[in-house]
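What TrEMBL records for 22-164 is domain 'Potassium channel inwardly rectifying transmembrane'. According to TrEMBL, the feature transmembrane segment maps to 58-81, 136-159. Taken from TrEMBL, the feature domain 'Inward rectifier potassium channel C-terminal' covers 171-341.
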Amino acid sequence: MFQVLQGHIQPAPHRGRKTRLVTKDGRCNIEFGNIEYSNHFAYLLDFWTTFVEIRWRFVLLLFVASFTGSWFVFSLLWYWIAKSNGDLTGQNRTDGHVQCIDNVNGLTTAFLYSLETQTTIGYGGRALTGHCAGTIALIIIQSLIGVFINCFMCGVILAKISLPKRRAKSITFSDTAVICLKKGSLCLLLRVANLRKTLLIGSQIYGKLLRTTTAPDGDTVILDQVDVGFMVDSGKDNLFFVCPLTLYHVINTSSPFYELSADSLPNQDFELVVFLDGTAESTSSSCQVRTSYIPQEIQWGFSFLPIISRTKTGKYRVDFSNFSKSVRVTTPHCVHCFETEADQKNHNSHNQENQDKQQKLGIDNLGFQVIDIHDSMDITKM
């Protein structure tokens with residue numbers, strides 16, 4: 001039995017406050033506890049990933065600390081060399097004293113010399129005299145360490161700027177999903193849009209239904225995952241992602257939503273996580289976009305408003321003001337109602353076809369007899 005619903009525009013509802021595993025912007029709401037202390041060293045072994053994934057405030061702190069710390073450590077070494085050689089102010093110098101470093105007569109000037117050496121400023125006021133072999137070895141070591149710090153920090157900053165998840169920020173999903181009829185089937189629909197004109201190459205869309213189930217042996221399985229397939233009119237792989245797409249999942253006997261109805265949907269406890277994988281055309285880096293929908297964000301009996309139109313100049317225009325808006329449409333109350341109605345229509349159509357076929361073939365006359373006419377019979381000519 002179908003619901004006859006009044007047609008009016010339905011704005012996107014407020015996002016539910018239910019605790020979910022994946023937030024609307026794709027972050028995973030999970031924490032790890034009771035981890036053995038030895039396992040924390042795994043973060044140090046994989047230090048590159050650790051530095052790339054930490055927050056920007058810690059990256060900037062590491063940037064400042066690494067440079068200033070190296071300058072200060074080497075300034076102490078330069079100060080120690082100058083003091084050992086008697087170059088500092090206040091030390092008793094003998095006639096013919098040869099300095100190791102010119103104009104380094106205290107800790108402050110030693111720090112300035114360390115900074116100028118590592119950053120290759122070279123103002124010319126402080127310099128090695130070349131009479132001490134230790135100073136030559138130390139300046140080589142500081143130069144190599146300075147180059148390493150420069151390369152490492154530049155690599156970390158560049159890697160954080162070019163993270164694929166930054167590209168994912170320009171991919172957006174509709175705030176809600178809808179359930180309505182599409183191509184003669186009851187389907188769950190949602191929208192996804194690429195806010196950049198550059199394409200995502202090799203895009204693939206799929207979903208996971210997360211729910212708590214009970215195993216046959218009585219054990220409770222938390223976050224049980226069930227595959228949910230999505231597709232567009234052109235297929236499900238290698239999407240032509242140049243404009244917003246409407247993705248749909250056919251609700252049939254193999255669908256995890258088969259037992260749902262318009263009344264039972266709001267009372268369900270599940271989370272539908274949708275994933276979009278692709279490769280950025282401009283950077284050739286792979287990225288994944290994800291979002292989630294809870295039952296309160298799935299509207300039964302609604303359909304999305306059209307958002308693509310053509311301008312007078314021949315360009316295609318996308319109206320994002322209607323991106324998440326929907327309108328009520330005539331929709332079956334449940335999948336079983338839709339299948340029953342479809343079977344009834346098929347049965348009536350089959351009966352009508354049989355009746356039409358009988359009318360075309362006619363009705364057999366049981367009293368009609370067939371006789372043979374022999375060629376030898378005389379025919380009377382009039």
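Glycine is treated like the rest: Cβ placed from N, Cα and C.
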Reported mean pLDDT - the domain 'Inward rectifier potassium channel C-terminal' (171-341):
86
Sort the residues of the domain 'Potassium channel inwardly rectifying transmembrane' (22-164) into helix, strand and coil with DSSP and give the three counts.
88 helix, 6 strand, 49 coil
